[in-house]
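Look at TrEMBL and you will find 3-92 tagged as domain 'CARD'. As annotated by TrEMBL, repeat 'WD' applies to 613-654, 655-696, 744-785, 878-910, 1041-1082, 1082-1126, 1127-1168, 1169-1210.
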Amino acid sequence: MAMEERARSCLLRFRHRLEQDIKPSYLMDHMVSDGVLSVDEEERIRTQPNRKDQAVALLELLLKKDNRAYISFYNALVKEAYDDLASLLQDDLPQMLPDAHNKSSDGSVAYVQAVLSEGGVPQRPVVFVNRPELVNRVREKLYRLLKEPGWVTVFGMAGSGKSVLAAEAVRDHRLIEECFPGGIHWLSIGQLDKPDLLVKIQSLCFRLEQSLDSQSLHRPSNSLDEAKERLRFLMLRRYPRALLILDDIWDSTVLKAFDIHCRILLTTRNRSLADSVSGAKYEVEVESGLDENKGLEILAKYTELNRLPEEARSIVRECKGSPLVVSLIGALLKEKPNRWDYYLRQLQQKQFKRIRKSSSYDYDALDQAMAASIEVLPDEHRELYKDLTVLEKDIKVPAKVLSVLWDLEAEEVEDILEEFVNKSLLFVDNHNKPYQYYLHDLQLDFLVEQNRTQLESLHTKVVHQYQQHYRDGPPTSGDEECLYWIRFLTYHMAKANLSQELYSLMFSLDWVSIKAQIMGPAHLINDYVEYGPILDKENSEVRSQFQEFLSLNGHQLEQRPFPDVVQLALSEPRSSEVYRQALLQAQDRTSAGKLYFDWLNKNSVESLSRLVIHPHQGSIYSACFSHDGTKIASSGASKTLKVFKSTSGEKLTEIQAHDDEVLCCAFSPDDRLLATCSSDRKVKVWNVEKGMRLRVFEEEHQEQVNHCEFTNTSQRLLLATCSNDKFLNVKLWNLNKPSSQNTMFGHFEPVNHCCFSPDDTYVSTSSNDGTIKLFQVSSANEWKTINVKNMFTDSDEDVLVKCSTWTADGKHIICAARNAVLVFDVETSDMLLEIKTNRLSTVQYCHACPTSNLLAIAFSNYAVELWDLESNKKMADCSGHLSWVQRVQFSPDGSQLLSCSDDQTVRLWEPKKVHTSSAVHLKRDSDVLFSDEEIIVSAADNCNRLQVRDGRSGSVVFQSEEKSSRIRCTCMFRQPSAVVLGQEDGTVQAAGMTASQVLRRVGCRIRRLLTSYRRLVLAVGLCTGSVQVLEVPSGKLLATLLGHTKTVLHCQFSQNGQTLITSSEDTTIRVWKWQSGECKVLQGHKEQVRCFALLSNSPAETRLLSWSFDGTVKMWDIESGEKLQDIEAHRGAILSCHVSPDGCLFATTSADKTAKLWHCESWQCVHTLSGHQDCVRSCRFSWDSRRLATGDDNGEIRIWNVKDGSLLKICSRESKDGMDSLHGGWVSDLHFSPDNSLLVSTGGYIKWWDVEKGEALQTFYTTGTALKRIHVSSDFSTFVTIDNIGILYILQRVV
């Protein structure tokens, strides 16, 4: 389309003037950004020899272009402060899309009015000021969406007229007809949480479906993801050429819900929000200041005067272009039109205190306008307005909150608030029901300053009114009113100095439960941190107990369904006030049929983490402290960057940072910037406070960027990055330059890590080529190479150097490779120290403490270790992570350590509080004896020491010496003071030896263990195949049984204790008369025999059932050794088997996803139970033999009718957890209660179920996961298990 003749003539008329004054290079930046000038055209103009020739070339080119180019040129003049030149062109600005039809009364054509009304686009405000240049810019951007979906962002500060501008831009017939024939659909957003956002999208989908046939109507979506998919379908299939307008977007997470590949116009204060979504993006900035003419126009429209008095111009000048202040004065003059001189004098003469000087609004003018507005209120309303002083900034409140505060009927409150809104003293968000009200920051600042001496009494009034209204307990409805009180009640109490009320509230487990469920744990933790000084005056120990409870269980409190807080609190130490309250509540609730379980031995387990945070879905690859220690940034597989408080885990910023996994994040020395790098090959730099992207470097790295790090000081700020590139893999960036400042050459394999020396003289790089290189920062020259791979001479495998870290004095450099950490002297390159772990895992990362000799090491086997570099001793083992630990870092003052892991958590530790005792943990293969009040547990620990523990206290009754091989399994028998040990070498030893002597002689890995108590007999199976029988607690060796040639996997005493049965990886089962050494070998299985069962109803327990990965089940007579039955039960490995208590049936489960019921006499398959979608891992009959429970690897539990094989219940099928499992992992064990009404199951945690309803009654979240089995007392009151990080749990039902 050619340029309008009028616009073209204007350019020709003022061409000479323009060529004399403009600087084309500045203007062309804007025009290229607007898309009216190509990069090639810009380059041709820049090649002209001088400024004047460039200007001539630009005007010549401009005359050949269209209306959009004219408008872009005009806007560029305005932005570059060529106001005099812009004014020459203003009168001839072309209308981009002139209306072609008769106008309706509000300035829109009837067609346009109908389309906009149907789409919910608001009408023009009563006081409307036209801003054609901005409207045209928005329309010009909207035309970019003609051919492809994308985003147009209209951004500017509050009160700048963004919403009015967006509505005006689409009030155009031709725009709708050509670009958006599918309609314009307006959605007001504001500050929303997920439930409110779901309602918004549901209502939009409903509105869109109303225009379609009735068959298109769907039920409302139940989740945000489902609603997003429904909206995507409607916009892409039914309204492919429609425009969706999102008004007042605050949060990028909200915006992502609309990332559905459609055409969107959004208004926001945050320019960078659109960085979080995909697609083409365009933006228009709305400047907040009005020129004098626009200000006069506002006053004229408010007062409806054709000729304004001479004071009007002075009033606008005193308001200094602030739309807010001009509107305030205009609203006052509308009611008192004879007070022009009075209000002018007030603005000029009244001396108000300045609130602050950090806003683009003029505070003096606002103060005076505010004071004048308040003065005209009735006295009683003036007092009510004063009460608004207590509101927090940027917080919207529903009328119902103010109804409580003012003790007035809701209708009366709404009338009062409407008066405040009409006088521009208050703002209303009427896009939601109920309406919400808020003050502009500047208005609130004014009120606080005016009422500074009364703040305490105003907050006291809020608290007392709340207590009066909610005397029966806090609101729990979850609506806007409830959210306000739950979030801000503690704030009002603290501001009112109501210490006792604050103590009573925050030291209450009921309050913790309510607020955690409604607001999440981070807000709660933040309360204990923020109000800690007040709470500590009452009881610092109790405050610490509540804060620690929340810090360590916060990741559990984020789960849905919401966990039982009382059950979580029962795991707290017995001395804790949290535990005391939980026990009282549990005892009270058990009378009503609830289940609760007390962790008896918890005092023997140390809590080492200070805070556990769950910031991302997916692995976390990087986490780092800010230099002031108050913030932590994290990034990972979710492609996001998050910043949160290090004290509470409260989220401060979330950015959709990259298009692929974010591998590293790093703070700048002043904490104002964050750098990220990613598998998408890009490096980005962000403003921390605003969450805005400042720079992106995307051209130079051709492979994934593994690490980024800033210099340690801001004196000469540089950013180092390293990548998987073959040659150009280490770069230094100056943030003021578009390309890298230097490239370090030397590595020819991927570089995993880079970091600066403490004084920023050198940068060290760690590579897959087996070396560390030190480069001079100033010259980018290689200074020296440390050949790490030469230190590993025991293997030909590649040596990958994972990372390096400098000691605080810069004299030593430490690197991680394979399963070792090496310390080198920087000057000589000599290796000074090697820390080689006994682990079968690799070192993932290491970091030296900046204030001590400590070194933190992260391992792939979930561990974090602390070592003292001076003594070369391990100081602590920090256990708690459930997957690979990817990163560790000390805080700058050395008081804290963070670690991040593939288990999706960041953990904070206090190095002074962790120590080596934390390194002892048990293996999951165990045996338990229940008798009277005694609970005896036998298991091996990670140091391969055999332990027998008192279950109630957790204290060690018996412990062998530490051995180099681990103990795998154990069983016990209470009888004549003896213990059995099984060995691989097949020898049998008896009497006269202590357990320590036995274990010294054995020198092999113990795989299975059996015990009894006081005069207990304990059998231990070893990976050498031998079995040993010991007496406990004396440790006397009674027998050594040899015969198995491979690891002993399972062992069990007969009821009379005279016979010991063992099974092995060597595919055999052995039946021992252990006191004489007589043995029968049961042979026939083709694969390992992991377990077996004695049939208790057989004569003298002579029949034994065995099963194997070979898919067969066999029956044996253990007296004769004869095989009685042999069937191929499944096509896959048999994973579990159980015999019914009445001895009539047995059940098998398999990797073939089925379970089967078999008759014990006929050995016929009675029923095949199908329906599981994964391997069926476990099974158990009820005690009445009428039901069978089965559990699979997806966490699903099914309960079957044994008589007809029908399915009775699927336990809580709908409630998947964060690990995409119904049970946190495989269902490994199941047990019915004696009355068959309850079922307990183990997986990633422990659950108890109502058998009839199939509903979960209680969940106990273990610290670790992957529970193998649970031992249950005969009365179903005590439960014993060990998790995968070695913590023993003795749980007793609360009565």
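Even glycines carry a Cβ here, placed using N, Cα and C.
Taking Cβ pairs closer than 8 Å, the repeat 'WD' (655-696) reaches residues 252, 256, 270-272, 275-278, 621-628, 631, 633-643, 702-714, 717, 719, 721, 723, 733, 735 in its own chain, all 6 or more past its ends. If you look at the repeat 'WD' (1082-1126), the same-chain residues 6 or more away from its ends with a CB under 8 A from one of its CBs are 1046, 1049-1050, 1052, 1054-1055, 1059, 1061, 1063-1071, 1132-1134, 1136-1139, 1142-1143, 1146, 1148, 1150, 1158, 1160, 1163. Counting residues per DSSP class in helix, strand and coil order gives 3 helix, 21 strand, 21 coil for the repeat 'WD' (1082-1126).
If one looks beyond the repeat 'WD' (744-785) by at least 6 residues along the same chain, the residues whose Cβ comes under 8 Å of a Cβ in the stretch are 703, 706-713, 715-716, 718, 720-732, 798-806, 808-810, 813, 815-817, 824, 826, 829. Long-range contacts of the repeat 'WD' (613-654) within the same chain, counting only residues at least 6 positions beyond its ends with a Cβ under 8 Å from a Cβ of the stretch, are 252-253, 521-523, 525-526, 528-529, 551, 554-555, 558, 660-667, 669-671, 674, 676, 678, 686, 688, 691, 883-884, 886-887, 889-893, 895-896, 898-902, 904-908, 1218. Outside the repeat 'WD' (878-910), and at least 6 residues removed from its termini, the chain residues within Cβ reach (under 8 Å) are 555, 608-625, 627-629, 632, 634, 636, 646, 844-852, 854, 856-866, 918-919, 921, 1218, 1263-1265, 1284-1286.
Shown for the repeat 'WD' (613-654): DSSP residue counts in helix, strand and coil, namely 0 helix, 23 strand, 19 coil.
DSSP assignment over the repeat 'WD' (744-785) gives 0 helix, 23 strand, 19 coil.
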